[in-house]
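Annotated in TrEMBL:
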type	residues	note
COILED	24-118	coiled coil
COILED	155-227	coiled coil
DOMAIN	94-168	domain 'Peptidoglycan hydrolase PcsB coiled-coil'
DOMAIN	272-371	domain 'M23ase beta-sheet core'
SIGNAL	1-27	signal peptide
Amino acid sequence: MKKTLFVIGTICLCMLSSLIIPHTSFAEKNLEDIQKERKDIKENLSATEKEVTTILTEIKEMNEEIEEYNATLKANKKAIKEVEKEIESVEDEIDALEKKIEERFEILKERAQSYQTNGGDVGYLEVILGAKDFNEFISRLTAITKITDADAELIKEQEKDKEKVEKKLEELEGLKKELKAIEANIVEQKEISLHKKEALEEKQTELKDKVAKLEIKDEELASLEDKILGEMAAPISGGTSFAVQTVDGGGALGWPTQGGYISSHMGERWGKMHKGIDIARTDRSTSPPIFAADDGTVETAGFNNGGYGNMVIINHGNGLKTLYAHMSSINVRSGQTVSRGQQIGVMGETGDSQGIHLHFEVHLNGALQNPVSYLR
Ligand SMILES: [Zn+2]
């Protein structure tokens, strides 16, 4: 019964082939170009997206740097304020000391006056009172050895105090200068980081633009691809569909998945021999089941490193074997008996695969067969 159907199917296919090959081979060539272009776009997209990720990391680093500068600037400002406060208090100290020295000057003048009143040396008084300012007064006093030890000691101490405070003021002003220099440097560094960040953000916008454009182009190509596939699937003779098989065609083998269409035929493809047919999903949001094309025994079930990914081979007897590749998961084990239409896995893109599809091969006595001949 099956054999008869198979023979009829083959005859039908031969008749169909002569009618449809001129139509499909042109569309297929276009389709392959489109699919190749989409593959390039996909690669370009993934590279661009990687670049965007790198830039995002760099922007994050820049933000961290700017934050650090802000924190340092804040701490620096605080330090400057503290130094300014200290400068103020030291200046007050100097003022107080100057006042004290002024007072001491008055006391010494009075003492000199009383010395004269009590019959002291008039020349001595004249010399001292003739001083224009305190410094001259001190030097004149020092010159006249008649001054008492206590007086000399007092003046010396006051001079020392003033010197000390003035030195402290100098140090503080130096520190303030240093802090101001640090501040200027950080402001400059921060400015550089801000510019860098701006440039990175500009580049990011550019790349996002590029991604958007590539996505639009890919969408255009996808709809073109769908259109060509639709044309390939259009009724050619007697209202039958060549590429789209949504039901068991009643041939030697059953359609190995739910719905879908042949997205690539057997034969030379991109300089390589394509050993079977590819069946793609009609609805891109689903994960269609994969069915055993006929009764048989599972010969192989597992991951294949040669590019097939998750792969199942079923031996149907009489030298006929079918191969199912790229599945996302496998439902059967090696040695298991399966019946026609039984689910053996789920459509996927494991192994060397461009997008989710089923790669389906038919072997008869070890020789590759065109699966299409068996499905009709
Ligand atoms: Zn394939």
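Keep in mind that glycine also has a Cβ here, set from the backbone N, Cα and C atoms.
A TrEMBL annotation is a machine prediction, not a hand-curated record.
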Which whole number is the mean pLDDT over the coiled coil (24-118)?
83
DSSP says what for the domain 'M23ase beta-sheet core' (272-371): how many helix, strand, coil residues?
1 helix, 54 strand, 45 coil
